[in-house]
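Visitor: Reproduced below are the annotations present in TrEMBL:
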- Ser18, Gly19, Gly20, Val21, Asp22, Ser23: ATP binding site (BINDING)
- 349-422: domain 'Lysidine-tRNA(Ile) synthetase C-terminal' (DOMAIN)
Amino acid sequence: MLAAAGVGEGATLCCALSGGVDSVLLLHGLAALRETLGFRLVAAHVHHGLSPNADDWAASCAGQCARLGVSLQTFHVAVDRGDPAGLEAAARRVRHAALRRVACDWLVFGHHQDDQAETLLFRLARGAGVRGAGGMAAVEPGAPGRLRPLLGVRRARIEQAARDAGLVWVNDESNADLRHTRNALRHRVLPALEAVFPAAVPALARAAENFREADELLDALAAEDALRCGGRRLSREALCALPSARLRNLLRWRMRDLGVEPVSRARLIETERQLRETAPGRPLRLPLGELACCVYRDELWLERALPANPVALCWRGETRLGWGDGAVAFEATLGRGLSAAALGKAGEVWLAPRWPGLAMRLQAGRPRRSFKNLCQEAGVPPWLRDRLPVLRVDGEAVWIAGIGVAAGWQCAAGEEGVLPVWQHGGISSGCR
Ligand SMILES: Nc1ncnc2c1ncn2[C@@H]1O[C@H](COP(=O)(O)OP(=O)(O)OP(=O)(O)O)[C@@H](O)[C@H]1O
């Protein structure tokens with residue numbers, strides 16, 4: 001399995017070592033394979049400080065590693081006992097954050113088939129979608145990647161193998177605490193299920209694999225649908241021509257692509273309703289958790305939710321001023337941007353959001369255009385207009401991000417200039 005995952009000569013594997021039977025057997029198995037497969041083996045233990053026995057577990061891990069000649073890194077972490085997600089989830093979060101800090105190519109975990117069955121039941125009971133029902137993967141590429149070589153093995157077989165090999169391990173007394181949801185599933189629900197379906201655990205693990213395969217197909221379908229609808233910016237019309245399930249699948253896929261967990265089914269259904277029912281041509285900005293679903297002139301895209309509107313700042317020649325979730329940089333140029341000489345003669349210079357009556361002439365001899373007209377011409381969607389930085393010199397607009405420099409302020413060829421550049425992370429309006 002390790003070779004099939006691409007674990008090659010010279011790779012560094014880190015065994016995530018809790019000190020329990022699964023990861024102790026895993027450690028010994030990996031230690032036995034390291035020479036044949038040519039990888040380097042290290043181990044990491046996370047000391048949560050939650051159990052009175054936590055020091056003993058850390059000491060046991062240190063002893064095992066010393067005997068096998070494996071270097072062990074121990075992380076002392078603080079778990080917030082009042083975490084709203086619960087103690088188990090809080091411990092898991094800090095544990096994974098600590099393990100991600102290990103310098104290695106692969107983190108190797110001792111999860112087994114019974115863990116997989118519990119994970120599947122746990123997620124289904126909480127209304128998982130196809131992705132969640134896929135449970136844990138044996139191989140998760142990444143930096144570092146994750147491996148679970150024991151995922152196909154029953155817990156009882158692992159315990160038997162560890163006893164046969166004369167290994168020693170620690171027992172986490174919290175595993176017996178039925179107040180923890182996962183333990184209640186392990187000790188109450190699964191045994192009840194196995195009394196009716198003796199092969200429930202391997203069957204649930206197979207179901208997870210089936211879901212995982214279905215999830216891959218859904219991803220492939222979403223990628224095809226994205227192309228069909230125009231690529232990065234989707235055509236709202238083409239998107240709305242898709243059947244509901246495919247439209248929502250595509251939006252979920254896009255959310256994950258932006259590193260955000262998809263919103264609830266109810267939220268997606270509501271987004272879809274508004275997309276379908278709003279008159280074509282009307283700009284839309286629909287909340288989607290940490291993101292917003294934006295539609296402007298039939299183009300649809302997802303972007304980070306906007307922070308509070310920026311406020312006016314006095315500019316005294318700084319090379320950079322913070323602006324909303326980004327900044328405006330003032331670059332020294334030759335022949336581009338605003339005339340440095342004209343700016344030098346100015347009284348008060350402000351970086352400001354739009355103000356009532358704001359208008360600007362872009363070309364000499366042409367009429368002044370209202371801010372709204374300028375934005376429409378430049379394709380700036382309405383919700384971005386309050387955020388566009390405007391350089392205001394003695395009450396007059398001389399530069400608007402994404403629109404340009406006012407006539408009379410433009411730098412002549414070869415003349416020293418100042419070019420303001422709006423650097424803005426999540427906003428993808430194409431405004432500079
Ligand atoms: N304190 C720890 N330090 C290092 N590794 C750990 C620790 N606890 C658990 N692990 C690793 O995680 C595997 C699974 O452990 P366990 O079943 O207790 O965690 P889980 O909460 O179900 O899983 P996960 O943390 O992946 O959600 C272990 O076999 C081990 O490899």
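In case you wondered, yes, glycine gets a Cβ from its N, Cα and C as well.
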Visitor: Specify the secondary structure state of Ser23 (ATP binding site) as given by DSSP, simplified to three classes.
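Guide: It is helical.
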Visitor: Please count the residues of the domain 'Lysidine-tRNA(Ile) synthetase C-terminal' (349-422) that DSSP assigns to helix (H, G, I), strand (E, B) and coil.
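Guide: Grouping H, G, I as helix and E, B as strand yields 14 helix, 27 strand, 33 coil.
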Visitor: Taking a cut-off of under 6 Å between Cβ and any atom of ligand 1, tell me which of the binding-site residues Ser18, Gly19, Asp22, Ser23 pass.
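Guide: Near ligand 1, sequence order: Ser18, Asp22, Ser23.
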Visitor: Measure from the Cβ of Gly20 (ATP binding site) and count the other Cβ atoms within 10 Å, all protein chains considered.
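Guide: The answer is 20.
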Visitor: In sequence order, what residues of the same chain, 6+ apart, have a Cβ less than 8 Å from the Cβ of Gly19 (ATP binding site)?
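Guide: Looking at Cβ-Cβ distances below 8 Å from Gly19 (ATP binding site), excluding near sequence neighbours, one finds His45, Trp57, Ala58, Ser60, Cys61, Gln64, Trp169, Val170.
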Visitor: To test your reading of the ATP site: which residues beyond Ser18, Gly19, Gly20, Val21, Asp22, Ser23, same chain only, put their Cβ within 8 Å of the Cβ centroid of those residues?
Guide: Leu17, Val24, Leu25, Leu26, Gly110, Trp169, Val170, Asp172
Visitor: Across the domain 'Lysidine-tRNA(Ile) synthetase C-terminal' (349-422), what is the average pLDDT of the model, as a whole number?
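Guide: That stretch averages a pLDDT of 94.
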Visitor: Here are some binding-site residues: Ser18, Ser23. Which one has the most Cβ atoms within 10 Å of its Cβ?
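Guide: Counting every other Cβ within 10 Å of each candidate, the maximum falls on Ser23.
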